[in-house]
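Copied over from Swiss-Prot, here are the features:
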type     : residues                                                  : note
ACT_SITE : Asp21                                                     : active site
BINDING  : Asp21, Glu208                                             : Mg(2+) binding site
BINDING  : 22-26, Arg34, His38, 66-68, Trp70, Arg72, Arg189, 195-197 : substrate binding site
ACT_SITE : Asn69                                                     : active site, proton acceptor
Amino acid sequence: METSVNFDPSNMPQHVAIIMDGNGRWAKKQGKLRVFGHQNGVNAVRAAVHFAAKYGIKVLTLYAFSSENWNRPATEVSALMSLFIQALNTEVSKLHKHNIRLNILGDKTRFSDSLQKRIIESETLTAHNTRLTLNIAANYGSHWDITEATKKLAEKVKLGKISVTDITPEKVQRALVTAEQPPVDLLIRTSGEQRISNFLLWQIAYAELFFSDVLWPDFDETSFSEAIYAYQQRERRFGGCE
């Protein structure tokens with residue numbers, strides 16, 4: 001749904017992250033299987049990407065599949081993997097056409113060889129695009145992310161490239177999967193749930209949080225606008241005083 005908005009362009013978040021929640025409940029309300037909700041959630045992804053590109057957000061990170069989601073029923077996991085491949089096959093050329101870069105964040109080694117190959121192709125095709133960076137967090141968990149960053153730094157210490165005293169928050173940040181990207185300014189979670197679910201724990205240290213009651217497949221430009229308006233009305237202090 002398109003809506004007329006009037007944001008303060010000087011106060012737009014650079015990096016917005018969204019926990020896309022509520023597909024299963026949305027499907028249940030329709031009397032359908034959970035996979036029906038996931039399929040319709042793709043439309044909300046398109047809307048969110050369009051909105052972010054339209055209003056100058058530089059990085060959009062979407063939580064698509066957590067490392068804990070492997071514990072879901074095998075049929076649902078299989079359907080999600082099929083949907084992932086289908087989305088890459090149909091959407092990447094459109095992203096490239098609109099100058100949008102695609103990154104897949106997470107441990108890709110558990111994916112099938114064909115999916116890993118398609119991910120590499122998609123990231124390579126869009127690598128030099130500059131309008132918007134779209135991060136899809138898939139088989140991602142923040143504990144994994146921070147652990148892997150720690151391993152990278154420990155290996156550098158072991159090889160004598162750095163000393164323990166050289167390790168700073170900035171070096172940890174650069175070892176995370178988000179690397180040189182800006183920290184998250186605004187974290188949105190849909191469906192009314194109010195928890196972080198092991199998502200970008202380091203990156204959201206000073207993020208503003210917005211919890212929407214809208215189920216993800218119904219999340220549209222109006223819903224996104226409400227989150228941006230709320231963000232622009234807040235005073236970010238980053239630990240300082242008023």
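Positions of Cβ are set from backbone N, Cα and C atoms, glycine also.
Everything Swiss-Prot records as a feature, shown here on the structure.
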residue	record	Cβ neighbours (10 Å)
Asp21	active site	24
Gly22	substrate binding site	25
Gly24	substrate binding site	21
Trp26	substrate binding site	24
His38	substrate binding site	24
Ser67	substrate binding site	19
Asn69	active site, proton acceptor	16
Trp70	substrate binding site	12
Ile196	substrate binding site	15
Glu208	Mg(2+) binding site	19
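For Asp21 (active site), the binding-site residues whose C-alpha atoms fall inside a 10 Å radius of its own C-alpha are Arg189, out of Ser67, Arg189, Ile196.
Looking only at Cα atoms, Glu208 (Mg(2+) binding site) sits nearest to Ile196 among the binding-site residues Gly22, Gly24, Ser67, Ile196. Taking a C-beta cut-off of under 8 Å and a sequence gap of six or more, Arg189 (substrate binding site) has these contacts in its own chain: Ile18, Ile19, Asp21, Arg195, Ile196, Leu209, Phe210, Phe211, Ser212. On the backbone, the CA of Gly24 (substrate binding site) and the CA of Asn69 (active site, proton acceptor) stand 13 Å apart.
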